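Let me begin by presenting the structure, written as structure tokens, before commenting on it.
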Amino acid sequence: MQVFGQQLKLMEMEHTHVEILNHSKRSPELRLKASASPPSITQERTKNKQNTVTLSSGHFSEMKQRFLKFKKEKYLENSDHYENLADKQAPKFMVIACGDSRVCPSNILGFEPGEAFVVRNVANLVPPHENGPTETNAALEFAVNSLKVENILVIGHSRCGGIRALISMQDDDNSSSFIKSWVMVGKPARLRTKAAASDLSLDQQCRHCEKESINQSLQRLLSYPWIQDKVRSGTLAIHGGYYDFTNCTFEKWTLEYDSSSSAVDGGYCLRNREFWS
Ligand SMILES: [Zn+2]
């Protein structure tokens, strides 16, 4: 009976997969879902696998060429430098940037290996100290306390999808989403943007919030006692940057401690604003 039971189950599975295959002819999405397939559709799987391998090997073959070019033209040409780097790193910069594929800090600002300790997250946000551990503040702790970087640079950018999600969110949105939960870290920047620019278009509000959230992140950095101490003693500087990839410009500014500044500003002010175009 047990064997018969197993056979019946197999027949049911077979039937289910035939159904999935029939549907999958109409729906590519269903075809993807039917990944745990029995031998009866091995042919289909092999065909899909071949397509996938062909596509991947094309990408990796280009990647391999880039890596070998890097090895020949940079690594081997500067072998002393890379040997030193193999022993230790001493970057001067900690960079917090968005994960967006268009805004790689090493690419746009030319950081070479060993020059910047980089953490990238959705919308380049810094969570407050009281929120507890995240990968971003773990990276901050290591960069500031162990590597003793001298600068933290938070880089925002134009057309940021994370900031757009933050601005577009409905106040009564109770959906559970990793993106929503994360970008809510930027809620104060959203509130300030809504207060200052709610009459502007969505695109303009996003642009406003992209910059507002950078300054929020700079302030948030000061909620970490070990960062605030170093900023006050002058051994660590914190900067904001904004990369606009629609016209390839970069704004850069610095948050400085100023004992003569009013208590309203928390003793800090923004200085040394530069516009690179
Ligand atoms: Zn972004």
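The backbone N, Cα and C atoms fix where each Cβ goes, and this holds for glycine too.
The Zn(2+) binding site feature in TrEMBL is assigned to CYS98, ASP100, HIS157, CYS160. Residue density at CYS98 (Zn(2+) binding site): 25 other Cβ atoms are found within 10 A of its Cβ, drawing on all protein chains shown.
Per TrEMBL, the feature compositional bias 'Polar residues' maps to 37-51.
Residues or ranges marked as region 'Disordered' by TrEMBL: 26-51.
The number of other Cβ atoms within 10 Å of the Cβ belonging to CYS160 (Zn(2+) binding site), over all protein chains shown, comes to 24. Around the Cβ of HIS157 (Zn(2+) binding site), 24 further Cβ atoms fall within 10 Å across all displayed protein chains.
Other Cβ atoms within 10 Å of the Cβ of ASP100 (Zn(2+) binding site) number 19 in total over all chains.
The Zn(2+) site is defined by CYS98, ASP100, HIS157, CYS160, and by the 8 Å test on Cβ atoms against their centroid, the other residues of the chain that qualify are ALA97, GLY99, ARG102, VAL103, ALA123, ASN124, GLY156, SER158, ARG159, GLY161, GLY162, ILE163, GLU210, TYR243.
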